[in-house]
Amino acid sequence: MWGIFLYILDLVGLSPIPFLAELIGTTAPALKLLISILMGYPIAILYHHHIKDFFDYRNIYFIVCGVDMAFFNFGISMYHNMIPAIVIYMTTKFLGAGKMNAVITFVFNMGYLLIGYIVTESEDYDITWTMPHCVLTLKLMALSFDLWDGKKMIKGETLSENNKKTALLRAPSFVELIGFVYFPACFLVGPIFSFRRYIDFVMDKFPVEKEAKVYEKQALRRLLQGLGYLIAFQVGVYVFNVKYMLSDDFWETSIFYRHFYCGMWAHFALYKYISCWLLTEASCIRFGMSYNGVETTPEGKTISKWDGCNNIKLLRFEGATKFQHYIDSFNCNTNHFAAEYIYKRLKFLGNRNLSQFFTLLFLALWHGTRSGYYMTFFNEFLIMLMEKELEPIISKTELYNKLWSHNVTKYMLYGLLKMYTIVFMGWSLAPFDLKAFSKWWGVYSSLYYSGFVLFLPWAILYKPLLKMAIKASGVRRVRAD
């Protein structure tokens with residue numbers, strides 16, 4: 001009960017947290033969050049040494065540790081995270097699994113979260129009860145859909161392969177549900193995972209004992225990577241500071257420098273999220289939660305995989321040359337939720353772009369009410385629309401393929417595309433981080449609205465001009481085999 005102990009010390013003015021936070025140059029809530037994330041790892045070790053053999057106490061252990069962690073961070077306001085869990089338990093019990101239960105869960109959780117944002121949100125980066133609540137919102141929404149899919153499965157209806165993996169044939173007990181909600185490794189910042197994964201873990205369906213050496217090694221590696229990215233974040237945002245971008249001095253630099261500076265700031269700013277996800281994934285692996293089947297090595301050896309709670313693909317992220325690479329590699333579990341539970345279930349709209357637009361609108365709403373969130377996801381919509389239409393046009397030309405096959409020009413192209421992703425990730429992320437219109441619009445002004453100039457006119461101006469130019473220049477197209 002370390003969390004409650006430190007909370008009581010804080011009430012009587014004896015907590016070391018404020019002093020330590022000031023010493024390392026951060027806020028007390030941020031330091032509490034970091035301590036809680038790091039505590040997930042030793043909690044996992046204690047689970048295996050002292051709790052795992054007592055089957056009936058497993059969920060209780062997760063609840064006690066998670067509630068203790070919540071109390072440490074949010075005090076009495078942690079009760080907000082319990083209310084939606086009670087509501088979905090009651091609606092499932094009285095209405096049963098199905099469409100009505102899923103709709104009620106969706107509306108109630110989004111409504112509760114948005115009211116929380118309205119009450120607590122400011123222009124700064126807020127660490128309040130809404131932080132774990134946004135994670136919880138997705139988990140409970142997914143749970144209601146998985147129960148609905150389980151009902152469909154019982155009726156013999158056709159489900160996708162992904163839906164079959166998460167469909168639930170029975171509703172969780174109250175203790176199982178609360179254990180799922182407060183699972184200490186990822187209660188605060190994710191990653192999200194299905195209830196099916198949670199219950200399979202609790203019921204010993206993963207080879208935890210047999211593969212202990214494998215996942216312990218992978219957990220330690222992820223832990224060290226997380227600490228490394230945490231250090232890189234601290235150094236990076238010290239060198240590339242968002243406050244400098246809001247200053248008059250920023251305007252005194254060249255337009256090219258401002259774009260590069262903003263891009264590098266964004267790249268390091270994302271390390272804040274990456275470090276947290278790596279640390280929480282390390283805890284999930286150490287628990288044994290992350291089992292993801294087996295794979296065969298090039299040498300023909302079969303090994304177990306423990307990437308089931310992976311939320312960041314580091315090599316794809318660091319080597320990104322288009323924004324699709326960022327989407328594929330960053331916040332993977334949330335993107336998976338958006339694809340499976342929002343985008344694909346909007347199939348009735350009959351238009352992929354419309355489905356994508358409403359999916360991004362949902363994600364913006366899920367993040368908060370500030371204008372910056374909506375601008376960021378609008379940027380994503382514009383950029384992805386351009387990339388998806390541009391790539392098929394130019395990749396079918398002989399010139400494009402020759403450039404990529406040449407030993408010198410392929411590296412030049414890679415460098416150019418890498419610079420493009422870094423620079424315009426800065427353009428896209430600035431509103432997300434600054435939130436308030438007056439702040440992010442000022443940064444956009446310093447960049448001369450370059451993102452709008454590049455992406456907004458694509459469909460009505462650049463796309464037809466590019467097609468005309470390719471046709472007029474006589475550039476040959478690659479023949480299909």
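Every residue, even glycine, has its Cβ placed from backbone N, Cα and C.
The shown structure was predicted, so the numbers you read here are calculated from the model rather than taken from an experiment.
So that you can see what the record holds, here are the features copied from TrEMBL:
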- 6-24: transmembrane segment (TRANSMEM)
- 31-48: transmembrane segment (TRANSMEM)
- 60-79: transmembrane segment (TRANSMEM)
- 100-119: transmembrane segment (TRANSMEM)
- 174-195: transmembrane segment (TRANSMEM)
- 227-246: transmembrane segment (TRANSMEM)
- 258-280: transmembrane segment (TRANSMEM)
- 411-429: transmembrane segment (TRANSMEM)
- 441-461: transmembrane segment (TRANSMEM)
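Long-range contacts of the transmembrane segment (60-79) within the same chain: residues 1-4, 6-7, 29, 32-33, 35-36, 39, 43, 47, 51, 127-129, 132, 175, 178-179, 181-184, 187-188, each at least 6 residues beyond the stretch ends and with a Cβ under 8 Å from a Cβ of the stretch. Same-chain neighbours of the transmembrane segment (174-195): 33, 36-37, 39-40, 43-44, 58-60, 62-63, 65-67, 69-70, 73, 81-82, 85, 88-89, 131-132, 135-136, 138-140, 142-143, 146, 165-166, 168, 202, 276-277, 280-281, 283-284, 286-287, 289, 308-311, 332-334, 337, counting only residues six or more beyond its ends whose CB sits under 8 Å from a CB of the stretch. Within the same chain, residues 80, 83-84, 87-88, 91-92, 128-130, 133-134, 136-137, 140-141, 143-145, 147-148, 365-366, 368-369 sit at least 6 positions outside the transmembrane segment (100-119) and bring their C-beta atoms closer than 8 Å to a C-beta of that stretch.
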